[in-house]
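Noted in TrEMBL for the protein shown:
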{"type": "DOMAIN", "residues": "24-166", "note": "domain 'Lactate/malate dehydrogenase N-terminal'"}
{"type": "BINDING", "residues": "GLY29, ALA30, GLY31, GLY32, GLY33, ILE34, GLY35, ASP55, ASN115, ILE138, THR139, ASN140, MET249", "note": "NAD(+) binding site"}
{"type": "BINDING", "residues": "ARG102, ARG108, ASN140, ARG174", "note": "substrate binding site"}
{"type": "DOMAIN", "residues": "168-331", "note": "domain 'Lactate/malate dehydrogenase C-terminal'"}
{"type": "ACT_SITE", "residues": "HIS198", "note": "active site, proton acceptor"}
Amino acid sequence: MLLLKSLKSQAKLAACRAVVRTLKVAVVGAGGGIGQPLSLLLRRSPGIDELALHDLSEMKGIAADLSHISQTGKVIGFTGEQELESAVSGADVVVVAAGMPRLPGMQRDHLMAANGNIAVKVATAISNASPRAHLAFITNPVNMIVPTAAEVLKAHGTFDSRRLFGITTLDVVRSKKFIGDSMNISPNEVNIPVIGGHAGITILPLISQCQPKYRCDPQEIQKLTHRIQEAGTEVVNAKAGKGSATLSMAYAGATFVDSLLRGIAGQEGLIECAFVASKLTDAPFFASPLELGKDGIKRYIPLPQMSDYEKEALEKLLPILRQNADEGVNFAKTILSGQSHSPIPAALP
């Protein structure tokens, strides 16, 4: 009897603390290796009234499966290009996990030929069906995909720099894990900004700003930085041609979307790193810590003091980001002009 009363009291307390689910989130590429675990994790995020799952393959089964989870809110499946606008219609957040994975030996610019049209299609659908949505891309290469989407949104008159994101949270997650392991502490105790981009040397963890302080010699810092930068390749090689980072990316993506939802709901003090249109450097798109709010980006946090090694690395990565942005914009202009067309690849396997 006492146990039953205790359980009832706990249930009432949990209900009082719960955030009312009032938002719609759409996942494009929900049937793939990132999309499925991401959708599962999002079912536990407070504030979602409707979770819309879209892919080129049939989504009814996955939607039915996720709808049986004991969480409030509905799950609806959408299939094919013809249902993309319906999937994102009225969405508050659209997260894009569709596309081909990076395979061993594949350069990220090769991915653009396969995945660039996803940004065009999704940004066009958003412009038509949900122009106020917060749009977040997992699809690689993020350094080019985000500028492509921005150019399409501009062409449709719906671009809002506060609402377009490239999710780089996985670089932060990896940094926290590797540093936590090295220091023999929980990764949750580690706080570190990761700036730049989301590929190779454009990923710059600011280890000098790590809290708690990471103390080691310069060679160890360079080694750790390199591992963080090449962690994606580490997974690609380990999977031996069977995919790229999917589960860790789903975890990172859900972490970012959860913070975005909390910001939309009015929670204060939410800081996440993301790749966005930015004026912090001379690169038009740049990843840095951001404060999230009701309209997406509430504040761009100024870049901190850096070590000489980090300053040098920043100078090396900026030309790459500028080139990536130009390539993304030119890709969008080519597609929009009707000079080229490529089908949307299916979700990441």
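Heads up, the Cβ atoms here are built off N, Cα and C, so glycines get one too.
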Review point. Which whole number is the mean pLDDT over the domain 'Lactate/malate dehydrogenase N-terminal' (24-166)?
Key: 94
Point to revise | Candidate binding-site residues GLY29, GLY31, ASN115, ASN140, pick with smallest Cα gap to HIS198 (active site, proton acceptor) | key: ASN140
Point to revise | Where the record names GLY29, ALA30, GLY31, GLY32, GLY33, ILE34, GLY35, ASP55, ASN115, ILE138, THR139, ASN140, MET249 as binding NAD(+), the maximum Cα to Cα distance in Å | key: 18
**Study point:** Same chain, 6+ residues apart, C-beta under 8 Å of the C-beta of THR139 (NAD(+) binding site), given in sequence order
**Key:** GLY29, VAL96, ALA97, ALA98, GLY99, ASN115, ILE118, ALA119, ILE145
Point to revise | Shortest C-alpha distance to ASN140 (substrate binding site) - which of the binding-site residues GLY31, GLY33, GLY35, MET249 | key: MET249
**Study point:** Separation of alpha carbons, ARG174 (substrate binding site) and GLY33 (NAD(+) binding site) (Å)
**Key:** 19
Exercise for review: Give me the Cα-Cα distance between GLY35 (NAD(+) binding site) and ARG174 (substrate binding site), rounded to a whole Å.
Suggested key: 20
Review point. Cα-Cα separation of MET249 (NAD(+) binding site) and ARG174 (substrate binding site), in Å?
Key: 10
Revision key, fill the gap. Students should find that the Cα atoms of ARG174 (substrate binding site) and GLY31 (NAD(+) binding site) sit apart, in Å rounded to an integer, by 25
Revision key, fill the gap. Taking DSSP H, G, I as helix and E, B as strand, the domain 'Lactate/malate dehydrogenase N-terminal' (24-166) contains 63 helix, 31 strand, 49 coil
Study note, to complete from the structure: By a 10 Å Cβ neighbour count, the lowest-scoring of the binding-site residues GLY29, GLY31, GLY33, GLY35 is GLY33
